[in-house]
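Q: Got a structure for you, written out below as structure tokens; questions coming shortly.
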Amino acid sequence: MSLDRFDTASPFGESSLNTGKFEQFMDRHQKGVAVLAVVAVLGAASFLIYRSLENNKEITAGEALVKAEKIADFQAVIKESPDTTAAGSAMMLLADQQWTEGNPDDSVKTLKDFLSSHPDHPAKPTAKASLASKLVSQGKSDEAKKLLEELVADPSARYIAPYALISLGDISKVANDLDQAQSYYERARNEYPSSSFFSTANDRISSLKAKPPVEIDAPPAPDPTLPTPGNPTSSPFLQPSTNPPAGMFPTEGDVPADPTPEDLLPTTPEPPTAPELPVEPTPAMPGNEGNPPSGS
């Protein structure tokens, strides 16, 4: 057996007299390895510079957002720093400002653009809830319902899920699907008992169980010719256009004439007329009882 087989092997723990594989590789590719090392260093430095620039962009955009007050200010942040988190926040604030100033269609479009251009923005669930609320106000309940259901199913949106469930219940209530509405309200109450929407969910459930008031017919209108209770001015006698009954007030012919001065002087009463005395009969003379008195 030839001993050449054993010339290439070395006992464990002993150094071989031949040059190692790694050393041979380094000898053959020393220049290439050096170039790769330089490239790696430059790449790491470039990444750090990029991250630093990105951080500076975020800081600059954030400072501009803090100062923004008008629609033009928000639009400037979005245009100058489109890929920053601050730009996404500016889009949400812009949508609210557009809605407040009476531009609902522009507001809805801005929120939709935000959701498509900033899918990883931390305020994405809030933007969905805001968009759903605005769509409901525009009568687009089906589109709003889809967004609200996505919020309920999203684990990262758990903090706003009770609001989404209550909104879904409200949509069902308007559609007169009271059983479905109660189901949504009960989920909001039972699945999120520590939520700030707990009492709201209870109020919604109570409103479903409340009976509507009984409608009654309105009383007939009062006769306009009769006075109404507690309103003395409604008497026909107090209305200027109403003629009073005949004889109730004196007329011009019934008013006495003004008194004259003579009427105002006291008058002396005339003495009463003395009553006539009875005439006594003349006594008859003796012997002349049958003769009438003389001179008669």
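Using N, Cα and C of the backbone, Cβ positions are placed for all residues, glycine too.
Curation plays no part in TrEMBL annotations; they are all automatic predictions.
Straight from TrEMBL, here's the annotation block:
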| type | residues | note |
| --- | --- | --- |
| TRANSMEM | 32-50 | transmembrane segment |
| REPEAT | 162-195 | repeat 'TPR' |
| REGION | 211-296 | region 'Disordered' |
| COMPBIAS | 219-230 | compositional bias 'Pro residues' |
| COMPBIAS | 231-241 | compositional bias 'Polar residues' |
| COMPBIAS | 268-284 | compositional bias 'Pro residues' |
Q: Taking a Cβ cut-off under 8 Å, which residues six or more beyond the ends of the repeat 'TPR' (162-195) line up next to it in the same chain?
A: 129, 132-133, 136, 141, 144-145, 148-149, 151-152, 201-202, 204-205, 208
Q: Can you count helix, strand and coil residues in the repeat 'TPR' (162-195) using DSSP?
A: 27 helix, 0 strand, 7 coil
